[in-house]
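For reference, the structure discussed in these notes is given below.
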């Protein structure tokens with residue numbers, strides 16, 4: 001489509017063009033209602049169908065059984081950092097956290113601020129979070145083990161999740177949910193802000209194993225309890241209808257157009273391999289993550305100088321390649337290549353990188 005750039009922003013991020021076109025086509029008249037999806041009542045059959053179909057597609061894509069429930073919440077993953085220990089870490093118990101970067105650090109600090117007992121079981125801070133720890137010593141009596149599955153700022157990700165035995169894993173999957181198949185049975189809770197890989201900002205998807213709901217203290221305020229959302233099909237109060245609707249279109253695209261998570265993973269690996277090959281064959285670009293910890297979603301890299309990095313980002317945008325500036329906390333460059341990013345976009349970026357190196361190397 002004319003005037004559309006290749007969008008490598010970290011979040012809010014690219015959405016599939018067919019999804020945007022479907023939104024555009026029915027924006028003024030949703031399913032013959034004579035109203036926009038932003039105008040229909042969340043108590044109507046129109047929205048009932050939206051939320052129920054979205055849940056069903058997520059269940060199918062992730063292979064979730066009847067022992068899981070999909071919730072749509074607000075406040076992003078940052079709110080989950082507090083809600084997880086509030087709901088799922090009983091008094092007198094501790095939880096293991098693995099620290100792999102900025103978002104893990106925030107989750108740890110939030111749990112500690114709640115007065116909870118937190119054990120940092122492993123950390124990659126010793127090398128500036130450029131790797132994922134292995135052989136993590138976990139407490140078999142912990143209430144849960146919390147991980148951040150993909151680290152957007154440093155460009156690292158788990159290839160295999162920790163073996164926690166009978167202790168439930170809890171994962172912030174904001175930046176890699178639905179990017180590959182996973183064994184959901186290992187998890188007590190998966191949560192993800194939608195704005196990176198599932199849809200627009202405004203909704204956080206929480207996938208909770210139903211037995212975990214038994215831990216929720218009755219004394220918590222209603223809007224802070226997972227049970228409130230589970231009991232009311234995420235409609236205790238007015239939900240973020242437009243965001244949920246868009247998530248529904250994205251999971252429909254993954255299921256019907258891409259063909260499921262195995263095909264999505266193959267697509268994502270091809271994109272990442274194409275981009276990482278530049279670092280492995282060049283002295284001009286250097287990746288910041290260890291090879292065995294590289295993310296398929298966020299490719300972080302440096303150039304020989306900050307001046308060159310600024311020129312790279314500016315000239316890339318002039319060539320229709322946007323969002324390549326690294327996170328403000330670390331600098332450098334970053335290409336976020338979430339599910340919607342096309343192989344065509346990756347090839348365009350690689351061609352630009354080769355040309356930029358030729359002129360400036």
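Yeah, the Cβs are placed from backbone N, Cα and C, and that goes for glycine too.
A quick note: this is a predicted structure, and the numbers were derived from the prediction, not measured.
Annotation comment: Swiss-Prot describes 43 as L-glutamate binding site, evidence class sequence analysis. Residues or ranges marked as pyridoxal 5'-phosphate binding site by Swiss-Prot: 77, 78, 103, 152, 172, 195, 237, 238. Residues or ranges marked as N6-(pyridoxal phosphate)lysine in Swiss-Prot (evidence: sequence analysis): 196.
Annotated features taken from Swiss-Prot, shown on the structure.
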| residue | record | CB count, 10 Å |
| --- | --- | --- |
| 43 | L-glutamate binding site | 10 |
| 77 | pyridoxal 5'-phosphate binding site | 24 |
| 78 | pyridoxal 5'-phosphate binding site | 15 |
| 103 | pyridoxal 5'-phosphate binding site | 20 |
| 152 | pyridoxal 5'-phosphate binding site | 26 |
| 172 | pyridoxal 5'-phosphate binding site | 27 |
| 195 | pyridoxal 5'-phosphate binding site | 24 |
| 196 | N6-(pyridoxal phosphate)lysine | 28 |
| 237 | pyridoxal 5'-phosphate binding site | 12 |
| 238 | pyridoxal 5'-phosphate binding site | 10 |
What is the interatomic distance between the Cα atoms of residue 237 (pyridoxal 5'-phosphate binding site) and the residue listed as 'L-glutamate binding site', given in whole Å?
10
Rounded distance in angstrom between the Cα atoms of residue 238 (pyridoxal 5'-phosphate binding site) and the residue listed as 'N6-(pyridoxal phosphate)lysine'
23
Any idea what DSSP makes of residue 237 (pyridoxal 5'-phosphate binding site), helix, strand or coil?
coil
